[in-house]
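Worksheet for the structure shown next.
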């Protein structure tokens, strides 16, 4: 306990008050001082005096040790020592047959023997009430003693201690714990205020106690891992929880089948996670319990799940031969293992699942690079799992040189740009030559920038490989311009001009003839009209 205490210099005689009690000859008894204020265990001198004129017997009644220091005919001076608590010493006299007395008030002050903040809980949940308990032992006068509860330097509560100094007192105060209280120091301080008596304010402070708070979400840790584990694979097990505090104090771990696999945990500001990589082997039980456990403060949050371990081999897809010549027979077979069944084999009509499916085909050129697909299914824990296998067939066949691969007739205009396509195909890829029958000139396959008359002719294309050969004729016709053609080209426009002129002249002639006929008819009509109007002779 840390404490501060001053040694006060207190006047032992503070006041003089006389108590008068009538007696023979108006005798009076008095006590001095009437009030005294001193530290516990201290001493004070008390004077008892009387105005009695007759036979006088004077004394002091007290519970403390007393020594008579001096005396006179009608007074005595006593010293009281080791005064432990508040008391009222009494001066008394026997004056003749009359008794009288006077009392004083002694007030004792003392510092608390101990000030202690009761131990705090190991962990306090955020949002819950935290009761601080300050235990005060001793201290007087209690009317001037108070207890202060602190969070760091912040005053949370100040309360009077009260009660009898000999009785220990507990002062309580309730606060609502928050995240900000994590790591905060709480303490209790007593304050003995003797300033009204001309002294100072004396304080004792308890040892500080540190508080740890925690907060947990309403959810449980989240497991992110498949329910099914396949033998021969590596599976990632992951568990996490968000919204907790303080995440740095939390511990999270994974437990698989009662064993803790090698794992790595991560703590961030308000979340934690655990990750484990597990090699699934045949030694594993078919069902394994998986637990994710989070520990924070005195709380444990847990998530459980049951994992199923299975062994599922891919189906075995075989071809009797991966490479065959055209026309050969090929057997395609798919076999399932580990309790699985074949549900699909390309080339076979759908049928009920069975452990094995096969069929035979005659290989043709269309089957070259044909993919065969096989799928097997396995039911595990009510779920259907699928695995597939694919194989490719290679068929050897002779060269092909059809109309679509190489046109038989080509007609080009001399001087134009053309592209000639002629390509044989087969497996293995055939070689091909195209030569003109007349002189063996090569067929211009590809891009021809300027067609020439000399390219005209009949060409023979021959494609061959280790699996056969094929021949195809290609006719190339080149249209070109001769000198007679130029004469025709010149004469045609001239003739067209002459014909046009003749037609124009005929049109003008016919028009003039029609006009003359029209005028003649008009003249005849006018003559007949005049003749009808003449008077008879």
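Just so you know, glycine gets a Cβ as well, placed from its N, Cα and C.
Features reported for this protein in Swiss-Prot:
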type	residues	note
DISULFID	48-91	disulfide bond
DISULFID	52-95	disulfide bond
DISULFID	134-188	disulfide bond
DISULFID	239-292	disulfide bond
DISULFID	334-374	disulfide bond
DISULFID	406-422	disulfide bond
DISULFID	422-461	disulfide bond
DISULFID	434-461	disulfide bond
DOMAIN	41-102	domain 'Ig-like C2-type 1'
SIGNAL	1-27	signal peptide
SITE	469	site 'Not glycosylated'
SITE	485	site 'Not glycosylated'
TOPO_DOM	28-485	topological domain 'Extracellular'
TOPO_DOM	510-537	topological domain 'Cytoplasmic'
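Of all Cβ atoms in the shown protein chains, 23 besides its own fall within 10 Å of the Cβ of residue 406 (disulfide bond). The domain 'Ig-like C2-type 1' (41-102): residue composition by secondary structure is 0 helix, 44 strand, 18 coil, according to DSSP. Mean pLDDT of the predicted structure over the domain 'Ig-like C2-type 1' (41-102): 92. A straight line from the CA of residue 95 (disulfide bond) to the CA of residue 48 (disulfide bond) spans 14 Å. Using a 10 Å Cβ-Cβ cutoff, residue 95 (disulfide bond) registers 24 neighbours. Of all the recorded positions listed here (422, 434, 469), 422 has the Cα closest to the Cα of residue 91 (disulfide bond). Comparing local CB density within 10 A for the disulfide-bonded residues 374, 461, the maximum falls on 374.
Considering only the disulfide-bonded residues 48, 188, 292, the residue whose Cα is spatially closest to the Cα of residue 406 (disulfide bond) is 292.
Note: the Cα of residue 434 (disulfide bond) and the Cα of residue 461 (disulfide bond) are spaced 4 Å from each other. The two recorded residues, residue 469 (site 'Not glycosylated') and residue 48 (disulfide bond), have Cα atoms 154 Å apart.
It is 72 Å from the Cα atom of residue 239 (disulfide bond) to that of residue 461 (disulfide bond). Closest by Cα distance to residue 374 (disulfide bond), from the disulfide-bonded residues 52, 422, 461, is 422. In terms of Cα spacing, the disulfide-bonded residues 48, 134, 188, 422 that come within 10 Å of residue 461 (disulfide bond) are 422.
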